[in-house]
């Protein structure tokens with residue numbers, strides 16, 4: 001790098017100034033419309049724009065004209081298959097939410113019809129989910145006892161569903177879907193695993209045939225409730241539950257080993273309900289302590305607009321429950337939809353999905369339904385059954401409608417223990433220990449977040465586990481912003497490439513030049529830290545050169561290629577760093593400042609103070625310029641020494 005020949009570097013361009021309103025417009029577009037949804041409307045006549053707009057907001061208008069009989073056959077098979085899963089799951093999860101079982105069936109009728117019209121996923125199967133059901137039970141159960149005041153509890157559950165839908169739709173309409181991204185993968189893995197564990201523990205009530213049980217969801221409360229009532233355990237119920245649980249787990253294992261037999265796992269819950277009901281009816285097991293669902297009234301969803309408890313003193317609890325369950329349902333539904341869309345190589349719009357979820361929950365709350373989303377288990381069955389469009393949801397809703405109109409009396413003898421077995425079997429798949437092991441191997445901090453969520457849910461409550469995990473994730477994010485990394489760069493031998501010496505130990509230091517890279521935007525949160533860290537780099541480099549007797553430090557190059565933006569605090573930091581470097585008799589050099597940064601540095605007159613000639617396009621050019629100046633300085637010193645010696649002679 002000591003080559004005395006030096007070519008004039010390319011100048012760093014300063015982008016032209018943009019009008020303030022245009023800058024604001026571009027900023028909003030990049031933040032809220034990264035997918036540019038309006039590009040399809042460009043250069044289109046008004047009539048075509050209207051049609052495209054209707055198809056954008058109501059996707060069924062886009063795919064329905066192209067619907068074929070082949071699609072119908074595939075959707076018919078898939079819809080009937082998921083309906084066989086939806087009926088027992090709907091009843092089970094409603095019981096988990098401490099709601100009447102019939103509401104679980106209602107929730108598999110209206111919401112799927114709304115989603116089929118508004119949703120953009122071809123594979124998502126709509127229904128209730130265990131985690132949201134548990135959240136509703138634990139949060140609303142603290143305010144109103146579902147056994148003592150069942151009517152008010154149902155009203156609050158419907159009201160929470162309404163607010164969940166409003167919140168979801170608002171996020172989609174305002175293009176604020178990125179808020180859901182604050183639930184990191186590690187948070188979701190730990191939260192889902194903890195919730196699944198709690199749900200399984202809660203089902204010990206049904207497995208053991210207990211009548212009274214704790215409303216707490218933590219491990220200690222559940223275990224205390226179970227073992228304090230050993231004299232109330234029903235061995236008949238326990239044996240029946242273990243047999244059905246073994247059957248459900250076995251069918252799931254077979255389906256995972258042989259995907260072509262997916263239908264066995266899909267039909268297993270309905271088969272369990274049928275067999276369990278027949279056994280109870282033939283053996284009169286109801287008289288021996290085996291609890292059954294009892295009477296389910298026939299008929300379609302009654303309207304429940306008047307049941308929404310907007311004037312209730314528990315309104316705040318309903319809103320809080322709606323927002324929290326709405327976020328969890330969004331995170332699960334959008335993630336599931338995107339996962340299966342990848343298999344068929346198509347894209348789903350996250351914001352449109354949020355609108356669809358919101359509208360189906362708003363409509364559902366007005367039709368005696370509680371919170372629904374896109375559960376993984378039901379969607380996986382729908383996908384494996386060969387669905388082609390969202391029409392499979394219409395078929396499922398039709399099958400549930402037939403059940404509501406004609407078949408509900410058949411569920412009178414369905415044992416509660418079978419529903420508990422169905423829930424436990426479904427929840428075991430949510431305890432993803434392999435993902436937790438993967439987090440430990442890849443990122444220990446993510447593993448801590450995951451386990452914090454899990455432990456918080458299992459030993460505290462569902463809400464506390466979620467809050468703990470999100471808090472740790474946000475603290476980690478804030479820490480990365482407030483304490484960004486800085487790297488010492490060196491030259492890769494026989495190249496003009498400069499990389500971190502920590503990553504590439506073969507990289508060489510440049511004599512007389514210190515090269516530092518800042519690896520984050522410079523804001524008020526990290527400006528003071530970066531100033532102190534850069535000063536320490538300079539101090540340590542000077543001490544090292546003194547101890548080794550090498551040439552003294554002359555130049556400090558800041559590589560700003562990773563600094564995407566800055567603010568006034570960041571500009572003040574650059575000014576303070578320059579003053580500190582000037583006091584040491586060194587020279588500050590900048591390399592590759594980005595567009596937003598260079599504009600602000602120009603406006604603040606920092607470029608004027610440092611000199612345009614000390615800003616370079618690449619680190620290589622900056623190093624070459626510094627070497628050229630060092631070589632020129634040495635040559636001048638040699639000439640001066642020779643001239644002085646000649647005069648003395």
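Glycine residues also receive a Cβ, built from the backbone N, Cα and C atoms like all the rest.
It should be emphasised that the depicted structure is a prediction, and the values quoted were computed from it without experimental measurement.
Of the candidate ranges 188-211, 284-307, 452-475, TrEMBL annotates residues 452-475 with the feature transmembrane segment. The range from 71-91, 92-112, 491-511 that TrEMBL describes as transmembrane segment is residues 71-91.
Looking up the ranges 6-27, 28-49, 314-335 in TrEMBL, the one annotated as transmembrane segment turns out to be 314-335. Scored on C-beta pairs under 8 angstroms, the neighbour of the transmembrane segment (124-140) with the top count among 71-91, 314-335, 355-373, 393-411 is 314-335. For the domain 'STAS' (503-626), the model gives a mean pLDDT of 90. Of the candidate ranges 261-282, 314-335, 355-373, 393-411, 418-440, 355-373 has the most C-beta pairs within less than 8 angstroms of the transmembrane segment (152-174). Under DSSP, the residues of the domain 'STAS' (503-626) split into helix, strand and coil as follows: 63 helix, 22 strand, 39 coil. Between the transmembrane segment (233-254) and the transmembrane segment (418-440), three or more CB pairs separated by 6 or more residues in sequence fall under 8 Å, so the two stretches touch.
Where the transmembrane segment (393-411) meets the stretches 261-282, 314-335, 418-440, the count of C-beta pairs under 8 angstroms peaks at 261-282. Sequence-distant contacts of the transmembrane segment (418-440) (same chain, at least 6 residues past either end, Cβ-Cβ under 8 Å): 88-89, 91-93, 95-96, 130-131, 186, 189-190, 192-193, 195-197, 199-200, 203, 205-207, 240-241, 244-245, 248-249, 252, 269, 272-273, 276, 293, 376-377, 446-447, 450-451, 454.
A Cβ distance under 8 Å defines the sequence-distant neighbours of the transmembrane segment (314-335), meaning residues of its chain 6+ beyond its ends; these are 124, 129, 131-132, 135-136, 139-140, 142-144, 152, 156, 159-168, 171, 177, 179-180, 183, 188, 191, 350, 353-354, 357, 361, 371-376, 463, 466.
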